[in-house]
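One structure is given below, encoded as structure tokens.
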């Protein structure tokens, strides 16, 4: 690895004691502060699982799959990175152990190691380090923040921790900073903060050759200076380098909290970066103040098949929140299991809802319940928003109940349907890598709701699907002058957006607009949906 021309600074974020500490939020918050101060920042996630990517992993295990512009199926933390930073991540932003081992094995098969015995050290660790420099060069970053997935002590993380240990030797002390996050438990009964888990986690990391310069303590209560001094003495770390990450009701409060404690000043000092302006976080403060003083409420029914784990729809929930905040209203999501929706009980699910959203999904489970929900929204003039599978099912519902195409269906659900209004565009080889992924253009038809919402002719949105509306049926659908295909991919003439003229707000899209929504820049479709729901 040639490091002479690389001027990038690296911040490595590790976690100890327990998983799900919020390393991703810490990384994203620091990234936003440093960007605000004038640095070009990118964030990279190193995941120690053997899967090549999370694309074929169950949503129940992994939550949503976040898709980048260039078509990478990635960890949901990349969604946090993009929302906090307002910067697009890429395929290089998420590296898994599966990718690393696959690359090394392929090189071995191609003879690139010249007959040497291939080992974790140096071959796996060198491959990891190459991924770090590739991302830094690709994004032209001043600072790359690298989150190491998992917990210190996990056997899967060992090669990654060894690789980042070596990076300091490769790049130099002033170009690398290690930040460790730990949980500091609070015992309510005795009103004590316990530091022992942090001490052990810190010790374990030092035993691996990594001495963190910054310690971020996750806690439900403020940590006093006496406790910080104790941790400082026992962990051999400057007490001024110990910061707290208090539990917050609003995620974006973390940006202000860390900035208020001066974490960015400490980082710039370590890197010897000078003459950067102080962070202007006024827009974030205004957003938080608005969230704390919401006056109205909007109730959105989310009809899904993975609702047991809300993280399966994380970006959709965040996009709904972004739009709701713009209209000064609190979002209440009514989580509805599509499998439980029947024609007999349907009104009980939706009678108190302002809008209905049917999101993505794969397979035929819970399909009919979603179609019933779409029919209820259409026939009762309730604002409806369909995303990905939600659009396909809106097409099926209209075909069956308005066009009277009996047994109309998707080829994904019924390969023998007499009316395949949804058809496959990609031939299966295996489940991985057969989807239409990434950003594609869409031309918006004049005099449609979609064109008015976007206020532009060409848009670019991210996709993740195998099936499309069958183009042979479009003329039949549009014949009655109510159903409109309002968005078309010009390169392949694929249907991207459908809407109904006669309905107050009925729009369904094949793409995933939630991936482009930002806290300070809500996506126009989500804004339109929430606005219509408030008027319902």
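Even glycines carry a Cβ here, placed using N, Cα and C.
Per Swiss-Prot, the CTP site holds 154, 155, 156, 194, 195, 196, 197, 198, 199, 230; the candidate it also names there, chosen from 19, 20, 410, is 19.
Here Swiss-Prot has 60, 361, 389, 390, 391, 392, 466 binding L-glutamine, and the candidate from 82, 339, 412 in that same listed site is 412.
Residues 20, 21, 22, 23, 24, 25 are recorded by Swiss-Prot as ATP binders, and the candidate that the same record lists for that site, out of 77, 86, 134, is 77. Mean model confidence for the domain 'Glutamine amidotransferase type-1' (306-536) is a pLDDT of 94. Other Cβ atoms within 10 Å of the Cβ of residue 389 (L-glutamine binding site) number 26 in total over all chains. Least packed by the Cβ count within 10 Å, out of the recorded positions 77, 147, 412, 514, is 412.
Taking only the Cα positions, the spacing between residue 147 (Mg(2+) binding site) and residue 60 (L-glutamine binding site) is 22 angstrom. Looking only at the binding-site residues 60, 389, 392, 466, the one with its C-alpha closest to residue 512 (active site) is 389.
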